[in-house]
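Peer 1: Dropping a structure here in structure tokens format, bear with me for questions.
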Amino acid sequence: MSKRDYYEVLGVERGASEADLKKAYRRLAMKYHPDRNPGDKESEDKFKEANEAYEVLSDASKRAAFDQYGHAGVDPSMGGGGAGFGGANFSDIFGDVFSDFFGGGRGGGRGGAQRGSDLRYTLELNLEEAVRGTTVSIRVPTLVNCQPCDGSGAKKGSTPSTCPTCGGIGQVRMQQGFFSVQQTCPRCHGQGKIITDPCTSCHGEGRVEEYKTLSVKVPAGVDTGDRIRLSGEGEAGTHGGPTGDLYVVISVREHEIFQRDGKHLYCEVPISYTDAALGGELEVPTLDGRVKLKIPEGTQTGKQFRLRGKGVAPVRGGGAGDLLCRVAVETPVNLSRRQRELLEELRDSLEGDSSHSPKASGWFDGVKRFFGDL
């Protein structure tokens, strides 16, 4: 029986886009999948036919050959790529959500043994957790070996068949004009074997989507951008390939009091007008608790005090940084009549004596010189 045109099988125009092909194939695959039609030979044949059509049309080189030469361009007996059950990338069709999460396709298809992809997980911590270290539990979506087929992709009790396209050697010779080029077999991807009876749990992929719960020990002193590598906790490899790694990337949330710059911490300390003028002592917060800070008389806004060793001990070793407290002098508001009278008396007593406000006096002298030079 002659094969139907692949575009006709999928029900699309010859100029259909990749998205249109995928949509059409997904619709047919869901409709005729053996799991949904157990024992229905006609549905199984239609499923295989749709699978074969999509394998060819979703591959740019195979599609070009089919468009130019028809079925002869992709017939294994003619030295082309060939098509058949087991070629379509089910992870691409049924795994859009996970593909988006991991930032792209999964690659590999049903090729040779390949290492699993590395995964990235962003872990948010507060400043105290980052400085002191902590242990957290995370839940990560990943791909693990399919248990029913033990990662082989083949239905239990079945075995992969010799690839009819390359005869089991994993290479094909393509004739391009006067030249003959040897390349990796596009059907078995160099394995020499193909899965003709795929596992219904993983659709022949050998891997299934699953959430994994892991305990992550975060060392003290980490900062935003630091990475913790968990070896072997990434995606499972394909066809016996090694498992990838999981990289936990640290992101430290903003703190309501402290700002961090490397191993040093910074904070702003508001003090009263009178404490700034007369001096005093106040308590300031640190990550280890409150400490007393002595304020000398005549302290101005912007004055910075250093508390040594009250910063962060870097994760890569070395002494702890410092806590730098920047003073912000608050002007009194909501004054009572008596308070206002006292301040007016103070202002009158200071008027004409520049020694009490050296910075202001110098600034006004500069202004006078500026206008005098105009």
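Cβ coordinates are placed from backbone N, Cα and C, and glycine is handled just like the others.
Got these off Swiss-Prot a minute ago, pasting:
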type	residues	note
DOMAIN	5-70	domain 'J'
ZN_FING	133-211	zinc finger
BINDING	C146, C149, C199, C202	Zn(2+) 1 binding site
REPEAT	146-153	repeat 'CXXCXGXG motif'
BINDING	C163, C166, C185, C188	Zn(2+) 2 binding site
REPEAT	163-170	repeat 'CXXCXGXG motif'
REPEAT	185-192	repeat 'CXXCXGXG motif'
REPEAT	199-206	repeat 'CXXCXGXG motif'
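Map the listed features onto the structure and describe their local environment.
Peer 2: Mean pLDDT, taken over the zinc finger (133-211), works out to 85 on the 0 to 100 scale.
Annotation for C149 (Zn(2+) 1 binding site): spatial neighbours K155, K156, C199, S201, C202, G206, criterion Cβ-Cβ under 8 Å with sequence separation of six or more.
For C163 (Zn(2+) 2 binding site), the same-chain residues lying six or more positions away in sequence with a CB closer than 8 A to its CB are G170, C185, R187, C188, Q191, G192, K193, I194.
For the repeat 'CXXCXGXG motif' (199-206), the DSSP-based tally of helix, strand and coil residues reads 0 helix, 0 strand, 8 coil.
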Peer 1: Would you mind checking how many other C-beta atoms are within 10 angstroms of the C-beta on C185 (Zn(2+) 2 binding site)?
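Peer 2: Other Cβ atoms found within 10 Å: 23.
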Peer 1: Treating G and I as helix alongside H, and B as strand alongside E, what does DSSP give for the repeat 'CXXCXGXG motif' (163-170) in helix, strand and coil?
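Peer 2: Here the numbers are 0 helix, 0 strand, 8 coil.
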Peer 1: For the recorded Zn(2+) 2 site formed by C163, C166, C185, C188, name the remaining residues of the chain with Cβ within 8 Å of the site's Cβ center, in chain order.
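Peer 2: After dropping the recorded site residues, what remains is P164, T165, G167, G168, I169, G170, Q171, V172, P186, R187, H189, G190, Q191, G192, K193, I194.
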Peer 1: What are the DSSP helix, strand and coil residue counts for the repeat 'CXXCXGXG motif' (146-153)?
Peer 2: 0 helix, 0 strand, 8 coil
Peer 1: Compute the mean position of the Cβ atoms of C146, C149, C199, C202, which form the recorded Zn(2+) 1 site, and then list in sequence order the other residues of that chain whose Cβ is within 8 Å of it.
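Peer 2: Going along the sequence, the neighbours come out as Q147, P148, D150, G151, S152, G153, A154, K155, P198, T200, S201, H203, G204, E205, G206, R207, V208.
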